[in-house]
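As given in TrEMBL:
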{"type": "TRANSMEM", "residues": "B:12-30", "note": "transmembrane segment"}
{"type": "TRANSMEM", "residues": "B:95-120", "note": "transmembrane segment"}
{"type": "DOMAIN", "residues": "B:95-304", "note": "domain 'ABC transmembrane type-1'"}
{"type": "TRANSMEM", "residues": "B:141-162", "note": "transmembrane segment"}
{"type": "TRANSMEM", "residues": "B:182-205", "note": "transmembrane segment"}
{"type": "TRANSMEM", "residues": "B:251-274", "note": "transmembrane segment"}
{"type": "TRANSMEM", "residues": "B:286-307", "note": "transmembrane segment"}
Amino acid sequence: MTAVTGETAAAARRPSFARRNPTLVVSGGLIGVIIALVVVLPFFLPDPEAIDPVQRLLPPSVDHPMGTDRYGRDLFSRWASAGRVSIGMTLLITVCSVSLGTFIGLVAGYFARVGRVIMRVVDAWMAFPSIILAIVFGVVIGPGMTSELIAVTIIFTPYTARIIRSRVLGLATRTYVKAARVSGLGPWQTLAVHILPSTLPLAVVQCVLLSAGAMLIDGSLSFLGLGISPPTATWGNMVADGRVYLQEHPTMVLFPGLAIALFVFLLNIAGASLRTFVDPRAKLLSAQLRRRGNARRH
Amino acid sequence: MLLVVLRRLRDLVVVLAVVGTFLFFLLRSIPGDPAQVLLGLKASPEQLARLHEELGLTGPLYEQYLHWVGNVLTGDFGTSIKYQAPVLDMIAGHIAPTLTLAIASTVISFLLTVLVIGWVTVSPHSWVARGVNRVAQFGLALPEFWLALLAVYVFALVLGWFPTSGHTPLFADPVTAVPQLVLPVAVLVVGQTAFFTITMEESVLGELTQLYLRTARAKGVTERRIALRHVLPNSMLPVLTTIGLNFASLIGGVVVIESIFVIPGLGTMLLGAVYARDFPLIQGGVMFVAFLFVVVNLLVDLAYSLIDPKVRVS
């Protein structure tokens with residue numbers, strides 16, 4: 001028998017990561033493919049804002065895979081560059097709200113008295129209908145990227161804050177955290193060194209799940225004309241542009257909306273399987289179920 | 001029971017205070033003089049002064065705030081600038097279509113969810129059970145504005161089954177009203193059913209691990225009866241909570257749907273108020289929606305304690 005290192009032996013016994021988490025790998029992979037496409041494609045496509053009055057409102061063809069709009073702009077290049085904007089906006093909103101939510105959750109979970117007050121306010125936040133808040137910000141700051149970013153960040157922050165706080169409440173009573181405090185570490189250092197790392201997996205899961213919601217709200221706001229506005233294309237404002245031509249050119253509405261639906265679907269699936277991967281309790285639950293299912297079949 | 005009501009009433013006060021105060025200062029942080037914006041550049045100083053008085057814009061900010069709080073406490077939410085009508089009357093005039101959409105879609109979604117999950121619970125190895133989660137995840141991913149336009153294209157423009165838009169009060173003329181409601185309600189139902197289904201499936205899975213089911217099986221209760229009499233009713237409770245928490249996003253959906261189907265509800269009113277910079281109306285309307293959110297959650301809590309005796313005791 002040839003010499004096998006311990007590591008490869010273990011690898012041989014254990015199914016690969018992809019085999020153990022097929023959904024996570026496939027959905028994550030497809031998300032990667034879509035992002036790569038919208039990043040790369042615009043380099044090879046005609047200018048998404050180039051107007052060509054001769055080629056107005058063409059149906060999909062070989063030259064224009066998604067047809068052209070009322071100014072003769074190529075809808076496929078608009079679709080690709082809109083993807084950049086919509087996905088970029090989604091990521092920006094997600095990172096901002098999850099960071100802010102994690103910070104609030106850490107503080108509210110660790111400093112009990114302040115935490116109770118913070119959570120009251122946070123709960124009140126959740127009563128705010130998200131789109132309406134974004135609309136109000138659109139009026140105050142003027143529609144556009146900044147107002148959308150602020151509004152949606154504010155809306156999404158409470159969800160992360162609540163989840164992180166309940167995790168911190170559990171962690172704060174752990175012996176190693178008490179030991180750190182007793183050995184003279186300040187509260188902020190304790191939070192940063194001993195508690196924050198344990199909340200990061202949760203924060204990552206939140207990122208994936210919230211980005212799905214962020215993409216949907218970004219779409220709705222762009223559609224209502226309160227997000228990023230033309231001539232910059234987003235998937236949402238492309239749907240709004242196509243609305244007038246719904247009867248003659250339904251594909252103008254179909255393709256950009258389909259992109260949102262597909263991307264959000266993949267994010268939802270990836271987020272759900274990532275949560276099962278990260279949260280051992282959920283894994284335990286499904287293991288119990290599997291065992292019970294086997295018992296039933298026998 | 002009384003405790004539940006009291007706790008929710010306290011929440012109601014907190015929510016309205018936070019939302020109202022935030023909006024007050026947010027709307028007043030807009031650069032420029034709203035009275036000037038409304039009257040145009042040609043307005044005389046007397047006109048401006050009178051409008052300032054009407055809008056409560058005289059004096060320092062904290063005084064304006066206290067003035068506003070005093071008015072709200074006496075039930076005066078101000079007057080809509082655009083429509084020259086009391087804000088509360090405006091809300092009362094626009095609430096019916098919104099409530100129709102919200103209640104109809106929530107009830108239908110709930111019934112659909114119970115039906116689907118009931119099927120899943122009774123036959124856990126069927127194709128429905130295997131596919132339900134993915135289908136629900138997909139339903140959750142569909143943007144409402146897009147789904148609504150596709151529905152209009154297929155069912156109104158191509159097939160001609162339903163009108164493309166419009167709204168008639170349900171009880172005034174049901175024959176016209178119902179076909180008009182089908183598409184908007186259906187679009188709202190898709191997303192809500194998807195959300196409820198995912199919640200309820202999770203809670204069924206949790207319920208299936210309970211030991212009392214083993215006891216039931218041991219004494220010979222059939223699987224079907226276990227599913228329908230024990231697992232299903234017990235899994236419905238989390239869906240109730242979901243209905244409450246989902247209300248804010250439901251209203252978001254309703255705003256979009258109202259704008260697509262030209263329905264004169266609260267969403268249309270608020271969008272119009274925003275475009276017209278009608279600050280009292282924005283302020284009152286948003287506070288009212290927040291108020292609805294708390295009331296809905298109060299009702300959910302009450303229903304919860306009626307259904308689940310454990311909640312009543314604790």
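Note: Cβ is positioned from N, Cα and C throughout, glycine not excepted.
TrEMBL: automatically predicted annotations, no manual curation.
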Which listed range (B:95-120, B:182-205, B:251-274, B:286-307) shows the maximal number of Cβ pairs under 8 Å with respect to the transmembrane segment (B:12-30)?
B:286-307
Intrachain neighbours beyond the transmembrane segment (B:286-307), with Cβ under 8 angstroms and 6 or more residues off its ends:
1, 4-5, 8-9, 11-12, 15-16, 19-20, 23, 77, 91, 236-237, 240-241, 243-245, 247-248, 251, 266, 270
Going along the chain, which residues at least six beyond the ends of the transmembrane segment (B:141-162) come within the CB cut-off of under 8 Å?
179-180, 182-184, 186-188, 190-191, 253, 256-257, 260-261
